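Here is what TrEMBL records for this protein:
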type     : residues : note
TRANSMEM : 20-45    : transmembrane segment
TRANSMEM : 203-222  : transmembrane segment
TRANSMEM : 228-253  : transmembrane segment
TRANSMEM : 274-294  : transmembrane segment
TRANSMEM : 300-320  : transmembrane segment
TRANSMEM : 327-348  : transmembrane segment
TRANSMEM : 368-401  : transmembrane segment
TRANSMEM : 523-544  : transmembrane segment
TRANSMEM : 550-572  : transmembrane segment
Amino acid sequence: KSSKREWKPLEDHSCTDVPWLLLFILFCIGMGFICGFSIATGAAARLLSGYDSYGNICGQKNVKVEGIVNSGLDLTHKKYVFFLDPCNIDLVHQKIKSIALCVSACPRTELKTLADVQKFAETNGSTLCSYELQPSEYTTDPRAAKLCPKYPVPESAPIPFFHRCAPVNISCYAKFAEALITFVSDSSVLHRLISGVMTSKEIIMGLCLLSLVLSMILMVIIRYISRVLVWILTILVVLGSLGGTGVLWWLYAKQRLSASAVETQIAKDNLQALLIYAIAATVFTVILLLIMLIMRKRVALTIALFHVAGKVFIHLPLLVFQPFWTFFVLILFWTYWIAVLLFLGTTGSPVPNEEGFVEFQMAGPLKYMWWYHIVGLIWISEFILACQQMTVAGAVVTYYFTREKRNLPFTPILASVNRLVCYHLGTVAKGSFIITLVKIPRMILMYIHTQLKGKENACARCMLKACICCLWCLEKCLTYLNQNAYTATAINSTNFCTSAKDAFVILVENALRVAAINTVGDFMLFLGKVLIVCSTALAGIMLLNYQRDYTIWVLPLIIVCLFAFLVAHCFLSIYEMVVDVLFLCFAIDTKYNDGSPGREFYMDKVLMEFVENSRKSMKEAGRGGGAEGRELKPM
């Protein structure tokens, strides 16, 4: 019934999936409760001000912890956390294995002996040894070997906003850096990499700006060269497959004819391998040619959609800035999430550990707040991305189904955002929750696979990888279906399930067209990303070539290339999204309209030419004959 239900683009607006919106609001309230709880229990103060190994928060008066000596001290004038051995890092638990104390000031110069430590305490009033030792006892008390810092004490400075004394020379973190960056085996290499980045920061920023400009230029160019680009790629793929197959058969025939009477086993194996490769290449080429033969007429639709997508960006220029707003909102949310995560790391009740120091641990159901917080990261991130998809879909739908483009709203993007906020937040919440349900098991399996690396047998490893792969494929399919469901919701203002079902029916009826668009179109956009990354990298190499101060260019170029790919992906993914929305609108338009009075098409002239050419080819092939005729029959 849903496939026969009349589509009424932009005529009715009603709230969709309200229960899911309420559920999402309750979930966000739970996220807020976690943040409030961690702040109320003192986690924020412990994170920002820091605390010592005895549970005292630096810079304030403290409450005595039962069974812990040196707790409950008044440390109002000692505002900085100082580690006796800051370079002793536990890579497994990712923390510094050292006694922490609250001090008045960080040592700004290297202290080589206990006498220097004593002089620093007498001069600056900052005692770097444990609280039970007086400065006058540093050089005489035998306990100083354990209760005073390991010398030489490195020069350190306070970390802004977090009141921790950190060594200025990062060479003591070389072991930790090597664990994170496996190719760095020498601290001098790490220093050269970092110095190369710091010295070339202006060039890196300029190249990042260049990638941004190239991405915007490419989005304009694709509109005008889409036809030429598609056919060039098609010809190159055909020639490449035919040439590769021909070369393999030529090599096989050449070795077969030149084979001597006495052949070695290696020569026979090579000849057999060539025969297998040639047969496989022949089968692949035949399948590829058949696919291109079947889809040759649908390539024209891809070209037309890319052309119309270029027009959409001309009429809706704010679409170009959509990735920036989404990225900005995601950065704000991720910053909040990380801050609360750090709060959770220092929340809980003080508990003595085996060494007699204090650790903060949560007991009871509260210790499961971590899981809730992690689910919140995935669901809300997917919700923000889904809001972008719904906004883009609403704006493109408004453009497509407005016959007179002069009557478009002043800002279709803002009008789409208004409809999203007023009517469709529940649909977005439901769609993002479905993606979350698939993503969480996949992440759990990936975590298990990482933890069991080298311990599980081959069968278990294969099963884990297969499950991860299947969940990844399911996630991608659901993401594509969700995007089309958001488009159907923007058109008809129906709930998520109805919209997903309607969109699925339309996609199945146009399965070959969908395949053509998702192969040819995605490949074009992928080549666009490669072009931007290569152009930026080439410009980077030319600029860095004139700078003789650099010893290693690897890290600056990697940073630039990663940023260029990220920017290109953000822009061209919006382009891909617009093309997908236009295709669904086009499929609906051709299904329910035929161009007769009262049922006029909404489509652009370029798409109208495609329809007319399709009708002519139908008449030439005979009424209803062939697969193309069956597919275009609803028109």
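Glycine is no exception: its Cβ is also placed from the backbone N, Cα and C atoms.
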Determine which recorded stretch among 20-45, 274-294, 300-320, 327-348, 523-544 has the most C-beta pairs below 8 angstroms with the transmembrane segment (203-222). 523-544
Under 8 angstroms, Cβ to Cβ: which one of 228-253, 274-294, 300-320, 327-348 has the largest number of such pairs with the transmembrane segment (523-544)? 228-253
Examine the transmembrane segment (300-320) against the transmembrane segment (368-401) and state whether at least 3 Cβ pairs sit under 8 A, considering only residue pairs 6 or more apart. yes
Cβ contacts under 8 Å made by the transmembrane segment (368-401) with residues that lie 6+ beyond its boundaries: 9-10, 24, 27-28, 30-31, 34, 37, 312, 315-316, 319, 322-323, 325-326, 329-330, 333-334, 337, 340-341, 344, 362, 408-409, 412-413, 415-417, 419-420, 424, 427-429, 431-433, 435-436, 439-440, 443, 482-483, 486-487, 489-491, 574, 577-578, 581-582, 585-586, 589, 602-603
Other parts of the chain folded back onto the transmembrane segment (228-253), taken as Cβ under 8 Å at six or more residues beyond its ends: 222, 271, 274-275, 277-278, 281-282, 284-285, 288-289, 292, 299, 302-303, 520, 523-524, 527
